[in-house]
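Below is one structure, written out as structure tokens; comments come after it.
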Amino acid sequence: MADHLTANGEEMGVYNLQCIDLSNPDIHESAALLRKACMESGIFYVINHGISQEFMDETFAQFKRFFDLPIEEKMKLVWNKNLRGYRPPIQAVIDDKTKQKDFSEAFHIGVEVSEDDPNAHDFFYGPNLWPPADLLPGWRKAMEKYHQEATNVARKIGRVIAVALDLNEDFFVQPELIGSANANYTNMFHYGVHGANLLKDVVGTTPHCDLNLFTLLATDDIWGLQICREKNAESQVWEAIAPVKGAYIVNVGDMLEMLTNGIFRSILHRVVFNQERYSTGTFICPNHDYIIKCLPTCTSEENPPKYPTMRTGQYIYNRFNQLSASTVGKKA
């Protein structure tokens, strides 16, 4: 069976991404490539980001250790109201036409927050859930280390994005954006869990745009990620993205589209696959009190702001409420 498939099991085209080399001493050259990618599609590769392949391989081995646990152990860590912890397989129909199902499971972490933090129980923020140390020795330390390293890469990308938008290079690394990293979160994904017939079913995740600024996606060598560059088109054309060893795939999210007044485009994407697959996404988000409004370099009299001004926390809350409502509506 082909590596890259439509949701109906048909072969599809491959979209070739721009590649941003973070070791390039000429940040303006990198910024020009990034700007082109973000205007044309909203997705690109990042290489020479500072994380070794050995570290990435070990991190993916750690993901597998958790997902290999008995479901009874994983369910003891089922995600809380702050969306930290284990998200069990949905196993729900995600496409009414094809009757395809989502058999993925995930684990969600963020920056560790103590129980006595005044904001510890805010939506999408709060203490993490961890498996007992005697069950998975060293697992928490490995996951916290990965989250920290991925956030460091995000800061490097943020500098290139700033230059691409004619802003001060440090704009996105200020504390309320990427700098403090308080609102960033990392999700680990396992596709093709128990119950999926991988020789028959092509299973995946619902098409969506990420709500945050941008996402760092790392995958194993199994194909699965697909994009639609014309997200508002009536007839959507899907293209496969090749997994590249040692590279991050970076998705533009809706918040960055809003900040740039639509100059940078968030990318509609999904996962469709026919083999067991692992991936991880680190979602870069401003602090919840940050006001999302059009950047001064992205508006003019001829191009007034297109999006409403909104506090980040309220935007996240609204988006998840919409998602919950659409899910309930679909099941009904």
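Cβ coordinates are placed from backbone N, Cα and C, and glycine is handled just like the others.
What you see is a predicted model, and the numbers here were worked out from it, not measured in a lab.
Per Swiss-Prot, the Fe cation site holds HIS208, ASP210; the candidate it also names there, chosen from HIS190, HIS269, is HIS269.
Residue pair HIS269 (Fe cation binding site) / ARG277 (2-oxoglutarate binding site) shows a Cα separation of 16 Å.
If you take the Cα of ARG277 (2-oxoglutarate binding site) and the Cα of HIS208 (Fe cation binding site), they are about 19 angstrom apart, rounded to a whole number.
Close to HIS208 (Fe cation binding site) in the fold, though at least 6 residues off in sequence, lie LEU268, HIS269, ARG270, each with a CB less than 8 Å from its CB.
Same-chain residues that are not part of HIS208, ASP210, HIS269 yet have a Cβ within 8 Å of the Cβ center of the Fe cation site turn out to be PRO207, CYS209, THR215, ASN251, GLY253, SER266, ILE267, LEU268, ARG270.
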